[in-house]
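Engineer: Attaching a single structure in structure tokens format; questions to follow.
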Amino acid sequence: MPFIITPLCVLVRSTLVASSVPRIMATRHNSYMALFKESLKSAKNVAIVTGDDISTESGVPIYGKTSFWRKYQTSTLATSGAFLTFPSLVWEFYHYRREMAVNAQPNEAHKAIALFEEKHGKDKSITVITQSIDGLHSRANTKNLIELHGSLFKTRCIKCNDVVPNNDHPICEALANKGSPDSTDTNSDIPEKLLPHCSKPSCTGLLRPDIVWYGDSIDPSVIQKAEAVISACDLCLVVGSPSLLFPAAQYAPDAMNNGAIIAEFNNEMDTNSNYHYSFVGPCSVTLPEALDV
Ligand SMILES: [Zn+2]
């Protein structure tokens, strides 16, 4: 059985629910899903907020604050300071992550979101706001996409700040066959001149992954776009809510305060949730059914 319905979420909360949702107690999966589908049908502005969790079923590992690559806590590698001090080591880590992402395939959850946009994009405004950096939403063909934390497949020059897409594989010859998390070699000594550099002849600065690292700020224009989507939405789907960080973690509560209906899709039950709909199970199963694609 793919869904577990929490009693908390089945009881539709009268103070927070838009008037279009009947105040009922749904006791069976089918009626609960049917009710969600009615909300989906009548929605005009749909925001879909996704976290890294959406890619776990594609085999892409999640690197959070407490994870490790080799002997390093990954949050200590994901900073501008670490990059400037140890560019070779940090590029090995991100080369490994690029390789993992490029070898993964969009799963049924990514595909369902993209198909939903393709099917209903003419009569609804549909925007995906993602914290994921692995590019799988784009590869599934999602068009209207805001990548809050940047992308593994874009680079930024540390000298001229130029941001460009980069799908080279490997990104440079010196990184070929590097980056294994199992390596016992904790040193990384690729000379800086062999790491990726800006292609502008007038610049040639060192390139870094265009990712929002710890201590970095998200581009204000990206935040502005995401907030406009959240303010306008009447239905917000949130996928992998426990793994979202601020500001993404705040988007569904903000949308709910504005009167939007919220549906969450999580692998595990979030007992703190008070959203209107909560579908628990693999997102590759719950999303295609909920979105009817
Ligand atoms: Zn440059």
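Every residue, even glycine, has its Cβ placed from backbone N, Cα and C.
Per TrEMBL, the features are:
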- His149: active site, proton acceptor (ACT_SITE)
- Cys157, Cys160, Cys198, Cys203: Zn(2+) binding site (BINDING)
- 26-293: domain 'Deacetylase sirtuin-type' (DOMAIN)
- 1-19: signal peptide (SIGNAL)
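Walk me through where these features lie, including what they touch and how far apart they are.
Structural biologist: Sequence-distant neighbours of His149 (active site, proton acceptor) (same chain, 6+ apart, CB under 8 A from its CB) are Gln131, Ser132, Ile133, Ile211, Val212, Ile218.
Sequence-distant contacts (6 or more apart, same chain, Cβ under 8 Å) of Cys198 (Zn(2+) binding site) comprise Cys157, Lys159, Cys160, Asp162, Thr204, Gly205, Leu206, Leu207. DSSP assigns Cys198 (Zn(2+) binding site) to coil, not to a helix or a strand.
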Engineer: Could you check the binding-site residues Cys157, Cys160, Cys203 and say which one's CB has the most other CB atoms within 10 Å?
Structural biologist: Cys157
Engineer: I'd like to know the mean pLDDT over the domain 'Deacetylase sirtuin-type' (26-293).
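Structural biologist: Mean pLDDT for the domain 'Deacetylase sirtuin-type' (26-293): 93.
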Engineer: Centre the Cβ atoms of Cys157, Cys160, Cys198, Cys203, go out 8 Å, and tell me which other residues of that chain have a Cβ in range of the Zn(2+) site.
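Structural biologist: Once Cys157, Cys160, Cys198, Cys203 are set aside, the remaining close residues are Ile158, Lys159, Asn161, Asp162, His197, Lys200, Thr204, Gly205, Leu207.
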